[in-house]
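Below: one structure, written as structure tokens.
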Amino acid sequence: MNLTEICDNAKKGREYALLGNYDSSMVYYQGVIQQIHKHCQSLRDPAQKVKWQQVRQELAEEYEQVKSIVSTLESFKVDKAVDFPNPVPEEGPRDPDVWPPPTPAEHRGPVQVKKPVPLSKPQRKESPGMQHRGAVGRGQANIKPDRPNTRDGRGNKAKEEKSKRNAQEGAADVEQKKFDGTGYDSDLVDALERDIVSRNPNIHWDDIADLEDAKKLLREAVVLPMWMPDFFKGIRRPWKGVLMVGPPGTGKTMLAKAVATECGTTFFNVSSSTLTSKYRGESEKLVRLLFEMARFYAPTTIFIDEIDSICGRRGTSDEHEASRRVKSELLVQMDGVGGAQESEDPSKMVMVLAATNFPWDIDEALRRRLEKRIYIPLPTAKGRAELLKINLREVDVASDVDLTVFAEKIEGYSGADITNVCRDASMMAMRRRIQGLSPEEIRALSKDELQMPVTMEDFELALKKISKSVSAADLEKYESWMSEFGSV
């Protein structure tokens with residue numbers, strides 16, 4: 001991707017907007033936005049990617065401003081066409097007793113002359129190149145004939161034609177990426193489009209300690225099919241579904257956020273509230289619409305957190321007819337995903353990523369469709385030490401703190417429990433400093449007085465206050481289920 005070409009197109013779009021040539025300006029803006037989008041997909045550095053996304057957002061705002069100007073000018077044009085003929089016939093018969101002036105004849109003459117003038121002016125202005133500014137100031141009907149004259153005046157015709165071609169291709173791509181919700185309620189389409197994670201969750205693989213097997217599997221299921229589409233065909237098609245199983249607080253949702261940040265696919269964040277409605281039959285439509293939108297925006301990852309609340313075991317006594325229909329539609333749509341097997345392009349895939357704390361409550365048919373079922377366990381000793389370093393990287397730690405030794409003491413704690421311990425320990429110094437002070441004295445404290453390093457004693461006190469949230473019996477249930485139904 002030529003960065004100079006991106007800068008030139010952005011500059012030309014702004015120049016055309018300043019000159020009033022809004023039609024050409026919109027073409028350049030659409031092209032440069034699409035070029036930056038393609039450039040972001042090729043970047044691997046997250047910091048550079050975020051900067052380019054900010055630039056793209058600024059250009060998109062400028063493009064919207066130009067569009068609003070064009071729509072305003074078009075409304076003026078329509079108003080003039082409507083307002084001109086109306087007062088003309090009303091002026092004549094207003095005073096029948098007075099000798100009629102010759103104004104009606106004079107009004108009719110110019111109206112008839114003005115009608116063919118806009119049609120003939122562009123034909124006369126195709127040849128001269130010095131009159132294009134006047135045409136731009138008078139209306140947009142004269143913009144298109146001015147493009148070749150502007151290019152010839154600048155003397156870089158080949159470069160301009162290439163930029164125009166790229167801009168038009170970018171505009172076509174932007175138009176293609178708008179989902180057509182014909183046949184569905186517009187409110188349902190808007191509700192699902194809001195669940196597309198467009199902003200960056202800012203969670204990277206390095207922010208998650210341990211869990212190397214889970215990271216490797218998610219890269220294989222989401223990233224590699226886009227990098228090697230020729231390899232992932234036939235029996236080696238990408239995985240259609242991945243289920244993350246484990247006790248609460250072990251990082252299942254964090255892994256999903258990392259997938260949304262790192263993998264560059266369209267990411268749908270779906271919960272039970274997204275797919276439920278009080279109207280009969282609307283929940284099934286939402287499920288079908290979700291997968292149709294996912295196939296349209298492919299490659300796509302659909303993350304369903306706490307999937308046991310949506311697709312529990314069928315045939316139980318507390319099951320309702322409406323929930324059974326939703327489960328059936330979800331199972332049908334998941335079985336029909338099969339993007340890499342049926343599509344010509346294996347990278348146009350739809351992968352369902354699910355997480356649950358109760359895998360034994362999931363329906364058997366859904367368990368079959370989630371081809372990979374991985375266990376997200378409690379962190380190991382190495383993982384606990386890494387978690388302590390990640391949580392304390394913005395806090396000053398005293399020299400007497402040995403994180404490796406403390407990691408051995410918190411065996412059996414989940415990732416969320418370790419985060420709570422670190423948060424409580426980092427606040428111990430502040431609690432000691434404000435003890436016995438009045439509110440006025442607390443407000444008068446400086447920031448440096450509160451920034452005290454965390455000591456080993458603070459960690460010991462926090463550990464006494466916070467107990468682990470996962471019992472040994474729960475771990476045995478997860479391990480028993482994984483030994484019977486696991487698929488790593």
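Backbone N, Cα and C atoms are what each Cβ position is placed from, and that goes for glycine too.
Quantities reported herein were computed from a predicted structural model and do not represent experimental measurements.
Listed in Swiss-Prot:
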- GLY246, PRO247, PRO248, GLY249, THR250, GLY251, LYS252, THR253: ATP binding site (BINDING)
- 144-167: compositional bias 'Basic and acidic residues' (COMPBIAS)
- 84-184: region 'Disordered' (REGION)
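Cβ neighbour counts within 10 Å, taken over all protein chains shown, single out PRO247 as the most crowded of the binding-site residues PRO247, PRO248. Of all the Cβ atoms in the protein chains shown, 26 others lie within 10 Å of the Cβ of GLY251 (ATP binding site).
DSSP assigns LYS252 (ATP binding site) to a helix. Between the listed binding-site residues, namely THR250, THR253, the fewest other CB atoms within 10 angstroms of a CB are found at THR253. Cβ environment of LYS252 (ATP binding site): MET244, GLY246, ASP305, ALA355, ILE376 lie under 8 Å away, each six or more residues apart in the same chain. In the structure as shown, the Cβ atom of GLY246 (ATP binding site) sits within 10 Å of 24 other Cβ atoms. Each of ALA355, ASN357, ILE376, SER414, GLY415, ALA416 belongs to the same chain as GLY246, PRO247, PRO248, GLY249, THR250, GLY251, LYS252, THR253, is absent from that list, and has a C-beta within 8 angstroms of the C-beta centroid marking the ATP site. If you take the C-beta of GLY249 (ATP binding site) and look for same-chain residues 6 or more apart in sequence within under 8 angstroms, you find SER414, GLY415, ALA416, ASP417, SER469, VAL470.
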